[in-house]
Protein chains: 2
Amino acid sequence: MSRPKPLSGFPEFLPAGRIVEQAVLDSLRSTFELHGFASVETRAVETMESLTRKGEITKEVYVVRRLHAAEGEASDDLGLHFDLTVPFARYVLETSGHLAFPFRRYQIQKVWRGERPQEGRYREFVQADIDIVGEGSLAEHHDVEVALVMLEALEGLRALGVPPVTIHVNNRKLAEGFYRGLGVDDHLAVLQRVDKLDKIGPDAVRGLLVDELGMAPESADKCLALATITSADASFVDAVRALGVRNDLLDEGLEALASVVRAAAKVAPGRVVADLKIARGLDYYTGTVYETELEGYAKLGSICSGGRYDSLATDGKTTYPGVGISVGVTRILGVLIGRGKLVASRSVPTCVLVAVDSEDTRDAAMAVASRLRSRGIATEVAPKADKYGRQIRYAERRGIPFVWFGEGSVKDIRSGDQSDADPDTWTPPASDLRPTVSAG
Amino acid sequence: MSRPKPLSGFPEFLPAGRIVEQAVLDSLRSTFELHGFASVETRAVETMESLTRKGEITKEVYVVRRLHAAEGEASDDLGLHFDLTVPFARYVLETSGHLAFPFRRYQIQKVWRGERPQEGRYREFVQADIDIVGEGSLAEHHDVEVALVMLEALEGLRALGVPPVTIHVNNRKLAEGFYRGLGVDDHLAVLQRVDKLDKIGPDAVRGLLVDELGMAPESADKCLALATITSADASFVDAVRALGVRNDLLDEGLEALASVVRAAAKVAPGRVVADLKIARGLDYYTGTVYETELEGYAKLGSICSGGRYDSLATDGKTTYPGVGISVGVTRILGVLIGRGKLVASRSVPTCVLVAVDSEDTRDAAMAVASRLRSRGIATEVAPKADKYGRQIRYAERRGIPFVWFGEGSVKDIRSGDQSDADPDTWTPPASDLRPTVSAG
């Protein structure tokens, strides 16, 4: 076998990068659990029927079949999940009798999409989702809650060197009500065109609205004006009112969005902003929608998105409304690790290497290592009896900070300091106990 | 959408089961890292070329292709990995320039096999592997090390209620040398038949050896006698010698196995036994081989297997020998969780529910919750303002042990004890802080 090449779109980290990824995932998990979200892990495959109910998305699905499927065995009926929402909806329906609602879950798993790979866009990547799902109904304060929990989770990553984020919020009802107030019937057609604002600019969008949808130029201008409104407090309400459009659904949307922004501003001022151009394309959201910008990485697009869906799932009798938000972990880390912006202090968990000067003393070295490990200090024994100088170079190559000699002497190989030590009491500095992660 | 049915062979846990699984995976990870194993995570897919080099196993592979693959795009060239050894071998070749050898890695991931599902046999399941890989050569003491690290990892699970294990060890060279000493040319043919001992019994195996391979009855008896030898110390060497077969490779195998058993007996007496019937079927091992029995669950078969392979990977210039062992996490947990033998103390991470008596006090409740969380206490706020009695019942249903009222009163809803408390100082008993896992 010759040296294999990486598969485009299927990123894999070297051990040091994986340590960064583990630190990020551990931190996210810790925040989610502090807020009472329970972990759910679903199988990687769903039935194609379940995956293809969302129209457009089918083109991105990976189909799975057994290489030697038996005669008559249904093939091509399973696919890899492309997000964690569809599997979660299925899980809720399948297990609802065993769940207590509102059910709060987080889910950190890989998903697969057959997209064209580019920086920040992968065919296999990790998502971390939180959702709250009700049985029949779900209170609106959860729309604030999931945004704030995710903000706290992402803020928690700043200690590791991840840049700060801003969550942008809108409400589907607001835009729909506004368009209806302008006399538009097909509000989705308007939404889809306004959603192109960042890509093609306001003049082109105005052109589409007037030429393709036959909208009056002054109405098109109002749609564009709406999309430019943004505020970190409830002042956006007045800005919308000033456009002079009146509609009940618009009022409902304004009120809902204002309450989200007001509640968030109390806890995290300036970090959750109303942004009336946020549309979330063709997704299935029905109320609040979220997108998130990573400071300094606007070109990555939204690194964390979600929203409220009135019917995440329904079994005909009961409907389960939900609200959720999903962070694209690999999208962030692929770029930050790839560019050396997030680095681990070493590429191994090991804190201490116990030296072995001859194979006769390997048992004694193993005993020392065992005593260190019993107190939580990650330790390995030198793989080969060798001169101490070579063992120090071996530790250096792996980034192991301490080398232990004989029964009771330890050397910090960075400073060269060596001192007597007892394997039952010696403790490394807290910052050396485990690999740490920081901005590169 | 009507209520979906589970997919046979693709197990999913309810939230309480998932808490058990997380505790098991966290414990395994902790032990592996204490011994200096670095985490590696590989993509779920490998090229079919890489997956099908092992003959027989191809029948179990799941092929993956894009639903709407472009014209001319190669399809069916990717498959889901069926173990973590093949991907790791590929990873080592691909990244060898960045690794320090001997390279110690653990890998905890799902794998997929198109097998017929039954209890303990799944189509999607989690494996946890450790391997040590050298560049050019790898010292034999690592054969002892991986067995002892895995034993320690599995012993660590006993605190969670997992039954004890015994690791059975053999050495391929021992059996091959013995058969060659009997004048056998095709030692694999003998090995394959002796490997059926547990399934078809000694008489049937003797029949196969004599009838199919033309072996003399007394030689066949010696092969059977060899397979019955087992010992928790090096006394198996004398038992083999007593059979009167002489061969250099046999001597080499006896010495290697004796050194593994002797070294393991010093650290974990009686838990690593020489068992000369262990063959590991058609696998690619070249020296030490391991299988592991879970006490009380012999019918599950080996829950943890592995061995030494002289050439895990080679790029033509350099060969990478390795030794590794892999535990079938889902195989163990599917049975233990499914039968209620491992249970979580609750189905949510939440330790405290902060009651809300009217929506006007939700902000105050959120502030209390935030103060508790800042000290690591998982807390959620009641989803709905309601009478306290109903909120207690809500907590009961979710297994949340404590309900917080107003600014400073907390009730243990199991005992009914209620006392004044300060959200900045109150601490739950350590056993209530997180869900715990125990034997059911």
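Here the Cβ of each residue, glycine as well, is placed from N, Cα and C on the backbone.
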Among B:R65, B:R66, B:R113, TrEMBL assigns to the L-histidine site of B:D83, B:L84, B:T85, B:Q127, B:D131, B:R280, B:Y284, B:Y285 just B:R113
In whole Å, the longest Cα-Cα distance within the recorded L-histidine binders B:D83, B:L84, B:T85, B:R113, B:Q127, B:D131, B:R280, B:Y284, B:Y285 is 21
DSSP tally for the region 'Disordered' (B:413-440), helix/strand/coil in that order, comes to 4 helix, 6 strand, 18 coil
Within 10 Å, the Cβ with the most other Cβ atoms among the binding-site residues B:T85, B:Q127 is that of B:T85
Long-range Cβ list for B:R280 (L-histidine binding site), cut-off under 8 Å, min separation 6+ in sequence, same chain only, gives B:V289, B:E291, B:S305, B:G307
